[in-house]
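S.K.: Per Swiss-Prot, the features are:
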ACT_SITE  62  active site
ACT_SITE  110  active site
BINDING   22, 28, 64, 108, 110  Mn(2+) binding site
BINDING   82  Mg(2+) binding site
DOMAIN    26-160  domain 'Nudix hydrolase'
């Protein structure tokens, strides 16, 4: 059964098959999570088998909520499914909208609810190899520099978050600690 995501069609929010939303460049809902340990962020390299942006580095996890699923529930679900992470408190940080070509004729036009969570760097992580190639902790400012110097290694959305929305996302995190 195809995965149905919330997308806007003719101004109405309705369930649309995920691949169709990307093929048509429809504006759709998404979530992104950043797990932080102080000034370090856990990032993941997307699995080679992903249908877009395979092998590129992204934030801790990101996905689309299922039709009828709350964004906060989706964030917790994907931390568990992609990385085996449970028990973290995710806090809504901001909402960002962007549109980006992700290759192979696919467009991400997302309205993204962004969540942050604090964790120790020794947090147990068990990546699902279908989703995640590898993970690493990196200082947030080092990551921003790395993205600027080697943008081809990173997903379009991570580049956008760090270039255009870093203070909006991570400034609020410092208040949460």
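Heads up, the Cβ atoms here are built off N, Cα and C, so glycines get one too.
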S.K.: List the Cα distance (Å, whole number) between residue 22 (Mn(2+) binding site) and residue 110 (active site).
M.R.: 10
S.K.: For Mn(2+), what surrounds 22, 28, 64, 108, 110 with a Cβ no more than 8 Å from their Cβ centroid?
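M.R.: Here the nearby residues are 5, 7, 18, 21, 26, 29, 30, 109.
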S.K.: When secondary structure is assigned with DSSP, how many helix, strand and coil residues does the domain 'Nudix hydrolase' (26-160) contain?
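M.R.: The counts are 31 helix, 58 strand, 46 coil.
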S.K.: Write down the Cα-Cα distance for residue 62 (active site) and residue 108 (Mn(2+) binding site), rounded and given in Å.
M.R.: 12
S.K.: Cα within 10 Å of residue 110 (active site): which of the recorded positions 28, 62, 64, 82 qualify?
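M.R.: Qualifying among 28, 62, 64, 82: 28, 64.
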S.K.: Taking 10 A as the limit, how many CB atoms besides its own sit near the CB of residue 28 (Mn(2+) binding site)?
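M.R.: Residue 28 (Mn(2+) binding site) is surrounded by 24 other Cβ atoms within 10 Å.
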S.K.: Restricting to the domain 'Nudix hydrolase' (26-160), what is the model's mean pLDDT?
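M.R.: Average per-residue pLDDT within the domain 'Nudix hydrolase' (26-160): 97.
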